[in-house]
Structures are given as C-alpha cells and as structure tokens.
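Features as listed in Swiss-Prot:
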- 358: active site, proton acceptor (ACT_SITE)
- 321, 322, 323, 324, 325: substrate binding site (BINDING)
- 357, 361, 380: Zn(2+) binding site (BINDING)
- 295: N-linked glycosylation site (CARBOHYD)
- 609: N-linked glycosylation site (CARBOHYD)
- 623: N-linked glycosylation site (CARBOHYD)
- 752: N-linked glycosylation site (CARBOHYD)
- 968: GPI-anchor amidated glycine (LIPID)
- 1-15: signal peptide (SIGNAL)
- 444: site 'Transition state stabilizer' (SITE)
C-alpha cells in the first residue's frame, strides 16, 4: 500500500478500504473456483444485536480462568426471524472465536422457551467461518427468536477484526484496540450475519479499564457505569439499520484533537495526544464536504438516525487507507493528520480526497448498501466519483476536475485493458478470495469513470435528480444495479434527457458498461475530401490491441474540429450502439478532428495517419491550448498505449509526443510520466539506448521546467507546487542534471540545518541519497527514527530505498523485517518496494539479502512471495535470470508457493527483454530522424492505407454472425477478422 513512489503510486490506490488487489493478481484469482457454499443461507434474518465486549491488554486480571494477554470476552444477543417455514438450522458467521455458551429461545408469555437442540458442539466451521445451530423444533414464521452466546477471542496483530495496535506518546508506549470489519471480519469480534445484505440495528457495550479514555464507537455514549471489578462499562446509542462491516469501536487513550463545538452538527477528530493541531485540516474539510454531500443528495446526514454524530480517528496500524464506519471514520495516521509546515501538498490533497471518499459513503454504502460484493461499485464507484467532483466544488484550488483523468480514468483504463479484467458486476464473486479481489482499481476507478460518463450523457441536473430518487427509494436498505438504472431512467424520462438518442435507455446503455469487462477502442478514419468520418469500435487489449473477447458498447460520442473548436459542450451528439458509424463532419479539406472531448467517455481513440499528422501539427503550434488540457492528456495516454500494443509504431508515437517540448500543463505531463516510466523499465538492460531515451525526455521537458523551476516560490499556486513535486521526481530519476544538482544541494543544506519546503522533500531526499554516501544515509535514517509526523515518516521511508550504498541498503532492508517497530507493519510493502525498485543496482542486492534472510522475512511478512515477485520481475540479464532460477530450483521444497511466483517473475523479465528486442528499431529510427511533419498535401487528403505490423495470427478465430445482434445483447457475435483488420489498419505504420 504505497503512498508516493512516483506518479503511478499516486494514482488511485489510497482511498480503498480494504486495500485493492493489483489487476495482475486478478488473473490468478479468476482461475480459482468461486464457491457459493461460502454464502450464508437466507432462511433467517437478524433484526437487532446487543454486543458486549471486554478487552484485555498486556495484563491479565486475577480470578478469571483461561484468559491470556491481548484477548477479549464477549456476549451477543441476536433477535432473528425465519424467512420460511420448517427451518431447523440457523447459520451465521464466526471466526477465531471460542464459543463458550449458546442457546436459542423465544418468548412465550412471561418466560423464554429454549429450543436449542441437545448434543451439539458450537465451533467456527472452517473454511466457511460458519456457526451452525440446530434447533429442537422448527422455527415458526412471524415468530421472533433470540440467540444468546458468550465467547472469547484474541486481539490479533493482523489489522483485521477486533485487533490491537500501539503508539508512543508523552507517557511511553500505549496499547489500544480497534477494528477493521470490511469485507468479512466482524465475525472475528462476535458471532453475526457477516454479509452486507443482513442489515440490523446494534447496541454496543464496551467494558474498558478505568485508566483508558472513553471508548469511541459509531454512536455517542448513552450510559456509563462502574463495574464491581473497577472497569468502566459504556453503552452506546442504537445504530441506524446497518451492515456488520460498518461497525467500529476503539479502546484507547485517545483525545479529541479537533472539535467543531457544534452541538447540532457535532464533528470531532480523535488521535494520540501528541499530534497537536494536525486534525484541523481534516476537520475543516470534513465539515464542508459533509454539508456539500447533504446539498448534493438532499438527505441531511444528522437526521439519518437519532443521536448520530460524526467522528474521525487516526489509527497507527491500519491495513486500509480509510474505512467508512457509520459515524466513526477510521484512517491511517498519514492520511488524516496534516501539518501545514511539514506535510507536502500531496498529503494536503490526500487528506481532503480520502475524507471526501469516506463521507460520500455515508450515503453511497451506508444509507444504501450493495446487496453483495459482486456489485461493490455501487458503493465504491460513487465514493471515488464524489471524492473528486464533490471536493472540486468545496476547494477548486486542489484541481480535482483536472486530476481525475490522469489519476483515475487513465489508471482504470490500463487495468481494464486485459482479457482477464473483471466486469463491474461479477456474479461469480462468492468466496473470500474473490471478494477481496473485487476491491480493485476497476471497481473503484472504472466505476467512477462510468458514472462521470453517464452524468455527461444525462446532464448534471438529471443525473443528480436520478441519484436522489435512488437514495430515497433504497435508504436503510440494500440495492442492486437495476434500482439505480430505474431511478436514472425515471429522471431521464421526466427531463426528456435521452430524447436525442432514439431507443436508448439508461438500463440498456449502462449494462453494456457494468456487465461487460473491458472498453472499446474507437478507430476514426476521416475522408478529408468528403468530410465523412467512419467510426469502428472493438474491445481494446493493451498488449496486442485486440481482445479475444469482442463486444459492443453504447458509446456516447463527442467530437470537435479545428474550424469550430468546442471542448466545453460535453453532451454527446449521438450514442453509438453498433460496430460502426458514419458521421458527416460538415466540412471538406484538411482540418483536425478530436473525439471524446475532455475524455468525457470511457474509451480510447485512434485516428488515420493524416488526422494524426494534423493533430500533431496543432499540438506543436502556438495555439495548442485551443485543444483542452484533458484532451491533450488523453492524446498522450492513448498514444503510449497504442504504441505499446503495436497498433501504432513508436516512431509515430514519439513523433506525436515530440510536442511535449512545448507543453507545461499538469494533466498531459502526468500522463507522459506514466507512459515514459513504462518504456524506461524496458530499456533498463540497455545502458546506451536508455541514455539516449532519457536525453530525449530531458529535451522534451524544456517548457515545463521553465515554468516550474527547481525551487518553491512564494505565492505559487497549489497545482504548480504539486506538479513540480511530480515532475522533478521524474526528471531527477531520468538524469536531468539541473534537477540532480538542485536535489543534492538542498539535501546538503538540510544536513547543515536548513529547512526544505515539504513539497520538495520527496525528490530532494531521494536524489540526496542516490548520489550520497553511507554517512548521508545514516543521518537520514536517524532523522526518520525520531520523526513523529506520520506522513513525513512515509515520505522518508519511501525515499530510503534510493540509496545506492550497499551497506545502507542492507541496513534499510533489515530494519523492515527486524520486528523492532522502526517500520510499522502497514508500511512493510511500500518500504520493500522502495528498497528493491528505486535503483536497478539494488535488485540483485535485494535478492542476495533475501536468500540469506528467508526465515526472518517469513516471520515478519508471512512469506517471501511479495519481495520475490518484485525482484524477479525486474531482472535485466539472462545471467541474473539463471542465477535466480538456480536458487529457486535448489530451494523449491522449502519456499512453497513462492517458487511459482519467482518463475513467473522471471518470465516477466524475459518478456521485457524480448519486447525491447522486437521494438527497439522503432525508437532508433525516431532517434535518427527526430520530428517529421508527415501531413500529406491537400491534393491527397483521403486517408492513405496504413502499413500493418500485426499478423492475422494475432486475432481471434473468425466468427461470422448469421444475423445482426441487438445492441447491448449478452450474445454479441465476435467481430470478423476482416472487421478487426480494418479497425487496426487505420494507423499501424512501420
């Protein structure tokens, strides 16, 4: 879970709860059997829970048998009803609990009748985590039953369920217990129906030690009593109707560090007592964002339940970025605490971004909840959408409308562009592995991008009207996608919003995007003599250009032209439902056209050679900003991806990208950094050509460097400072000498006591260590150890791997796995990534370290799989691959599943070498010729046939449809080879 290792790590990972699964892992998960046996039967349903917990930390009270340190006792009472007749077994969840007693009763008159079947033992049945309860008589419809159980569990350290953490304040080391229940870990705290569809109300009681602060939970404390054993018992107000995964409680010595002191709209920030005013920014933004969501949805937050308040808490060890527990939002410290002097702009916007995401969940996820995780996008897609566009209304300075494209949409497209990608709605999600895998970039970022596209299709007002209808209709309930589609269709009908698109409904349109994986490449061929523009859609695949699973989408079409440029009107001119479409441009002669204005749709665009030449000419002109910044960003990203797949040669791609020499805007450069980083990785084994490529990149940075400079200036805008942070990190990495000199000098000044502006520290730290000594690293590491600001510690941790000193690298690696708490468990992954990937020379050094420390790494991380995968996928020579393979073979019996991980990583490294061998000539031709203006004369403006470098074997078998399938049909016939060749041949040049 990384925060700032280059731009790619900025893009969309941090707001997920739990941590999203990388798309590469999805391919492995998708091969697993999705076992519906993991789902609870729906024969009974809960109405209300009363839960009492008593946690024990490092001291066990005398006189209580069987207790161990870091454990808890619990009692739960669950009121349930059968949903059908003749139910003899109740099934709910439990995991890692010892059931001490359990009985099922019902009230008859003034007494309770026990119907628990005799002769049964109550255990948490694995792997399903089921607690089965047989009854002596069948349950009767319309009768309420009561399950009462006592149990015992352990406060684990794995950051799941009810777990323990610690921190250091003025008094020393403090223990605490907190929770993370999503997606299925409430069952580790108490027996329950641990699926989102089983909503109920909850009364929570916590019996804490007297010297702890008052317990924090979803609701305010209703009653406090002192028990005979001296403990304090705190009972909270009843929750709204909610799912188990949204419950939370914190037993700690926390204090309120920021408070709005508004009894009508209470909002507080909780944290350890030595963080000062670091909660003020999250409080300020939280209040504004909560009010903005209330206005957006027309549903006031504080009226959702009686006594509802809003609290946010900073957790030292937290597996997720943040969690949307109703009334108690929990965060990693680095993602909620902010120091204006010492936290950089990345964290300023990150705090706002994540607070917005979690607050949006109060409506999308809490008030209305996805019925099951197969439609998680109903929760997370809306929250990701809101965290950008709602935050943009509250604080426009943060630039979220611009940043959504490179940070979310383009990242989602990358993840969505492999054949193993999953659909937003995936009915095969049942088992825990599949559920965890569905917390993915596709679910979050693609979900948000499709919602953004839908808003442009309907208009803002109609879209909001539909969302309000959806929320009102499903409040305190669960939802399926058709509930959303129906509400949006009703709003569209009321506003006549789809009248221009004959036969289009939101239901039919949205299903092509939610039930189908992938997205289209829209290939545009312009006949400049006649003005006819031919559009062809086909599913995009990033490695070959052609998916093995063709499909059709309902594509909202927007476009503009040079003679009358209009990038502001994002209402689609038509919705393309078939394989092809012809549009009359309305003019004749050469002029550029650009489709998908401001990237308002979720699709890529390729053009014929002449049109690409005209676009390139426009981008290199003084009037390039006539083309919207987001469209320029789209062009950069599309060109990189078209070239990667082989649909476009790198010679042509670099010809187009040569315009970056004149570009200085934020979004195009973030797209360029991402694209260049992918290519640089594949040049890493070839020092001479890598140097040439890096020199080309440095040459392209003239305009952006001239605007940004290497130092922060007084009065600079937020977006300028943020862009400088990203651009300088990138340019120092590719060897820009002025950047390196500035970084080294600032690092030296810092060692001598000078202050470095927070927005410069990531690249200054990294550059200073990369070109520094062991003494520099030791000074840096000692400063890291004593640093108390959590997000500054993360910045330093992720720069530490930039050292090229071998002894310093080993010191860093040993610190990660030493168990001495210098690196917290939640930061192990990002720290290892920094150590292995920040310098190519570190890869084999890290491998040598791994081979000598397998046992210690396994004790700390659970296995060597993660670091081994990172190492083996970055090998640069056949000699390195042979060395690693030899070690894998020799240790196959002891490293288990990590063996296959290593073999697959070597295959990735070998594929990188082969890719370079296959494509290097295209780069060399551009290095030789430089930019070429290849627009043909007006006399030959018909799009010329393009050469192709893709052989027919690239394509799937021909499947010729007997009849034309209906748009949106689940049985869309595969495109023929001829159609695909036409699509790809538009711009495949040697």
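Cβ from N, Cα, C; glycine included.
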Least surrounded among the recorded positions, given as 295, 325, 623, 752, when other CB atoms within 10 Å are counted: 752
Residue 361 (Zn(2+) binding site) has how many other Cβ neighbours within 10 Å of its own Cβ? 27
How far is it from residue 357 (Zn(2+) binding site) to residue 321 (substrate binding site), counting Cα to Cα, in Å? 11
Students should find that the Cα atoms of residue 295 (N-linked glycosylation site) and residue 623 (N-linked glycosylation site) sit apart, in Å rounded to an integer, by 40
Cα-proximity to the residue listed as 'active site, proton acceptor', 10 Å cut-off, over recorded positions 322, 323, 324, 325, 623: 322, 323, 324, 325
Top Cα neighbour of residue 609 (N-linked glycosylation site) in the set of recorded positions 322, 325, 361, 444: 444
Could you measure between residue 444 (site 'Transition state stabilizer') and residue 380 (Zn(2+) binding site) for me? Cα positions, answer in whole angstrom. 5
Can you grab the distance from residue 623 (N-linked glycosylation site) over to residue 325 (substrate binding site)? Cα atoms, rounded to a whole Å. 49
Go through the recorded positions 361, 380, 752 and tell me which ones have a CA within 10 A of the CA of residue 323 (substrate binding site). 361
Can you figure out which of 361, 380, 752 (the recorded positions) comes closest in space to residue 325 (substrate binding site), comparing Cα atoms? 361
Of 321, 322, 324, 752, the recorded positions lying within 10 angstroms (C-alpha) of residue 361 (Zn(2+) binding site) are 324
